Amino acid sequence: MAIMNFGGVDEEVVTRKEFSLEKAKQVLKEETIAVIGYGVQGPGQALNLKENGFKVIVGQRKESKTWDKAVADGWVPGETLFEIEEACKRGTIIQYLLSDAAQIMLWPVVKKQLTKGKALYFSHGFGITYKERTGIVPPTDVDVILVAPKGSGTSLRKMFLEGRGLNSSFAVFQDATGKAKERTIALGIGIGSGYLFETTFQREVYSDLTGERGTLMGAIQGLLLAQYETLRENGHTPSEAFNETVEELTQSLMPLFAEKGMDWMYANCSTTAQRGALDWMTPFHDATKPVFEKLYKEVASGREAQRSIDSNSQSDYREKLNKELKDLRESEMWRTGSVVRQLRPEKN
Ligand SMILES: NC(=O)c1ccc[n+]([C@@H]2O[C@H](COP(=O)([O-])OP(=O)(O)OC[C@H]3O[C@@H](n4cnc5c(N)ncnc54)[C@H](O)[C@@H]3O)[C@@H](O)[C@H]2O)c1
Ligand SMILES: CC(C)(O)[C@@H](O)C(=O)O
Ligand SMILES: [Mg+2]
Ligand SMILES: [Mg+2]
């Protein structure tokens, strides 16, 4: 662990310098890692682990699209690809990467295979933190651990292939073997994380649910749409409204603040823009802060988790989500986006 100072606060973190890939392989050399679920995180984690030299098998429902995807990715039925129960039987570390709702349904199957000394691994604190709602209560003689990549499994894989790494949090909920922390960090390094920071299952799920409902996904769409609509209602063309709201943000300004921080992005805009942004950031902050406070309370109360369990355990949940995504895709703002993307010069 290294102590790093983050904006005046010391935190212990793990980087590949303190915990090399070679060390991770040494720690896990006797382990079979069973990645259960091959949706978004499953492929990213399983393929990165395999290519980093770990022994990995995949567990997935047969006769599903994702079984076929696993086969297409090179997993071999009967050798490295199994039905969920069989993979859990063979694994010494069970990476439980079904959707959070499916984890509840399949829990009796997985629990049966959790024999003494195995590790149950999550990428979300959901199942354990909201155990009254999920019924996920592991036996006391297994390790219960977490590595949560801070981003999509698609990015985890893409960044791995580019020689980069997505940061992840890690936590130990139950250390039955005395080796839980070592196993956790080794897995975090193995899946291709950038740096790892410690958390608890509860803090992971509270921050994760807040972040994705907030700035990462929910708030960003709400904010962009509010500005797009205002411009359109005042007579601006779709092209002007979209460029001024989304395209400039993602193509020009976001890369600047990703690279060197917000003041650097501001400094690379006009003094007119800087004056206005510095004045208007406070009203935007003040208008949204109560919404974030309300959101956090909903998360901490468990109500957000229950809403997600209730909707995602319905048999037609995927169709319903797809319908809502289609509505988003077919809104004027994102139809405009599709045309703007086609017009990017690098496309031609
Ligand atoms: N999606 C991400 O990038 C991401 C990022 C960080 C953490 N996580 C966490 O990782 C875990 C996995 O998330 P995901 O988004 O990869 O999941 P997902 O929604 O893509 O589903 C994963 C798998 O679950 C299977 N599944 C769904 N219902 C099932 C059922 N009833 N029976 C058997 N299998 C079923 C699907 O076939 C799929 O292979 C979750 O705990 C999630 O919160 C996800
Ligand atoms: C990728 C996210 C949003 O960070 C993750 O938390 C998820 O649930 O998919
Ligand atoms: Mg999440
Ligand atoms: Mg997240």
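In case you wondered, yes, glycine gets a Cβ from its N, Cα and C as well.
Annotations in TrEMBL come from automatic prediction, not curation.
Features of the protein shown, as given by TrEMBL:
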{"type": "DOMAIN", "residues": "11-199", "note": "domain 'KARI N-terminal Rossmann'"}
{"type": "DOMAIN", "residues": "200-347", "note": "domain 'KARI C-terminal knotted'"}
{"type": "BINDING", "residues": "Asp208, Glu212", "note": "Mg(2+) 1 binding site"}
{"type": "BINDING", "residues": "Asp208, Glu244, Glu248", "note": "Mg(2+) 2 binding site"}
{"type": "BINDING", "residues": "Ser270", "note": "substrate binding site"}
{"type": "REGION", "residues": "303-322", "note": "region 'Disordered'"}
Do any of the binding-site residues Glu244, Glu248, Ser270 touch ligand 3, in the sense that the CB is under 6 Å from one of its atoms?
none
Quick check on the domain 'KARI C-terminal knotted' (200-347): DSSP residue counts for helix, strand, coil, in that order please.
126 helix, 0 strand, 22 coil
Does any of Asp208, Glu244, Glu248, Ser270 have a Cβ within less than 6 Å of an atom of ligand 4? These are the binding-site residues; tell me which, or none.
Asp208
Just the binding-site residues from Asp208, Glu212, Glu244, Glu248, Ser270 whose C-beta lies under 6 Å from any atom of ligand 2, please, or none if there are none.
Asp208, Glu212
When the Cα-Cα distance from Asp208 (Mg(2+) 1 binding site) is computed for each of the binding-site residues Glu244, Glu248, Ser270, which gives the smallest value?
Glu248
Measuring Cα to Cα, how many Å separate Glu248 (Mg(2+) 2 binding site) from the residue listed as 'substrate binding site'?
15
List, in sequence order, the same-chain residues at least six positions removed whose CB sits under 8 Å from that of Glu244 (Mg(2+) 2 binding site)?
Gln227, Leu231, His236
May I ask which residues of the same chain, at least 6 positions away in sequence, place their Cβ under 8 angstroms from the Cβ of Glu212 (Mg(2+) 1 binding site)?
Gly218
